[in-house]
């Protein structure tokens, strides 16, 4: 535990050192002086001319929301088309065929919504062109969308008596050009230095040092599996010394995968694969990359509203929630897995099932907490192999709404929605009209807040109920009982909150889950974005109220406690009954 606390302290210290200047820089990027890099400003102006965009023309919230939805619909159509046309497109050295319609739909929605849920195995499904032009591009654009939306909300708080909240195309372009691209280049070069691969070679077949013996299913002349009288597959022993090593442009996709809190990797093993995450140092940088922009945006928020203490208060709330749950996760994983203990397995170092030996329990547990606190979903250990309580932590973090740092942009605007709820509750307690940052919280804002908070629980709980009742949903559950229910609950929690990680024991690459989770991902993204932009518009139009003796300070310890309490209260009331049927019941049964 001491090693974990030391690594956690170092991680948070380095994160703070990097996030503060980045946050200040982003405040300039989305202000009047985007950058001193004149060549980037020239590129920016060129992009506006090519696209026919007037960067000086600002938008109301409805126009802004339509632009957000339009660009994401076009992105989803492009990714879908790339997958379906894959056999006839270049950069496909393995000759992969077209992806099925339901899987193409799921993947297109997944990457456009910043979820990166993957029901397929990347190294055996997607060509290099599909990975680069489709998935990696959406890693940039989905992150830029989140940044643009939160910047619009911040402008709503910062402006008064205004009808506009900015220009989406400008925010979208600047987020990509000035923030995501430069950081991705730096991180990608670092990953290459650590051993992550970056090439366009065909897959390599190599001879292993030792032969591998495995059970190979027997088939008849038509290729159908042969089964015995009990219906079990008939197998025969086979031995091989050949292994296929996947190749590809990995480091470049890995960088934006982490920085954009996307999470979807080129390989099925994700960041547990040595070609994606080769060393403990690379692993540390991956964890830093996940939280870097979400943490920096808190400083951007403080700078743009003219009170840096506001950003510190939000960051403190996020950090306290994160540290408490990270320590609990580590405690759970340092304990032996009861199922393995019954088999006499040595677990002196904790639960190592599903973890890479080069990372161990400490780095794996920290990664688990970070990737689910943010809406990243990348994994360096298998979440389905966590202990019952170890699996409870990432699921609960996701169900809190991805507001503990959260996704790029989405984490902060989600936490600001809870901040509005917190001041509303405080206003009810003292009998005053609530206000936040000098803006009065009225009926419309509370309606939008309620929608933004209630959408994801509705999608999660209804989706889970439908899945366990429908035959198509039950067919994907291979682990019966409480753990099987946990797998389904985790899948819909991950999809609705745009995380993308999974309890991978669930067989989710089926028409039922591909369509159901695709719908949930889309609604979970845009049914929150639209209410947030609506609030941005109404806040921008309001007059700023003067601070009085009765105004609740939203930059001190009391507000931090109120904000944390609001997040936990909503999460507990909404999900504890479902969690009691899953990971909690599983833990008590052992």
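Quick reminder: no glycine exception, Cβ is built from N, Cα and C everywhere.
Annotation comment: Swiss-Prot describes 217-244 as region 'Disordered'. Residues or ranges marked as transmembrane segment in Swiss-Prot: 3-23, 63-83, 134-154, 177-197, 284-304, 312-332, 359-379, 388-408, 411-431, 450-470, 515-535, 558-578.
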Residues from the same chain, set at least six apart from the ends of the transmembrane segment (63-83), whose C-beta lies under 8 A from its own = 89, 98-99, 103-105, 107-109, 111-113, 126, 129-130, 133-135, 137-138, 141-142, 145, 148-149, 152, 165-166, 168-169, 172, 526, 529-530, 533-534, 536-537
By Cβ distance under 8 Å, which residues at least 6 away from the ends of the transmembrane segment (411-431) in the same chain are close to it?
-> 146, 149-150, 153, 261, 294, 297-298, 301, 314, 317-318, 374-375, 401-405, 441, 445-446, 449, 452-453, 528, 532, 535, 550, 552, 554, 559, 562-563, 565-567, 570
Which stretch from 134-154, 177-197, 284-304, 558-578 shares the most C-beta pairs under 8 Å with the transmembrane segment (359-379)?
-> 284-304
Chain residues outside the transmembrane segment (3-23) and at least six past its termini with a C-beta under 8 angstroms from it | 284, 287-288, 291-293, 295-300, 302-303, 311, 319, 323, 326-327, 330, 362-363, 365-366
Write out how many residues of the region 'Disordered' (217-244) are helix, how many strand and how many coil, based on DSSP.
-> 0 helix, 15 strand, 13 coil
The transmembrane segment (515-535) vs the transmembrane segment (134-154): 3 or more CB pairs under 8 Å = yes
Under an 8 Å Cβ to Cβ limit, what residues of the same chain, 6 or more beyond the ends of the transmembrane segment (558-578), are close to it?
-> 313-314, 316-317, 320-321, 396, 399-401, 403-404, 415, 418-419, 421-423, 425-426, 453, 457, 460-461, 464, 489, 552
For the transmembrane segment (284-304), sequence-distant contacts whose Cβ falls under 8 Å of one of its Cβ atoms, 6 or more beyond its ends = 11, 14-16, 18-20, 22-24, 26-27, 30-31, 143, 147, 150-151, 154-155, 158, 179, 183, 187, 190-191, 254-255, 258-261, 271, 277, 310-312, 314-315, 318, 363, 366-367, 370-371, 373-374, 376, 378, 380, 405-409, 411-412, 416
Per the Cβ under 8 Å criterion, with at least 6 residues separating them from its ends, the transmembrane segment (177-197) contacts 26, 29, 34-35, 37, 40, 43-44, 47, 140, 143-144, 147, 247-248, 250-252, 254-256, 258-260, 274-279, 281-282, 285, 289, 292-293
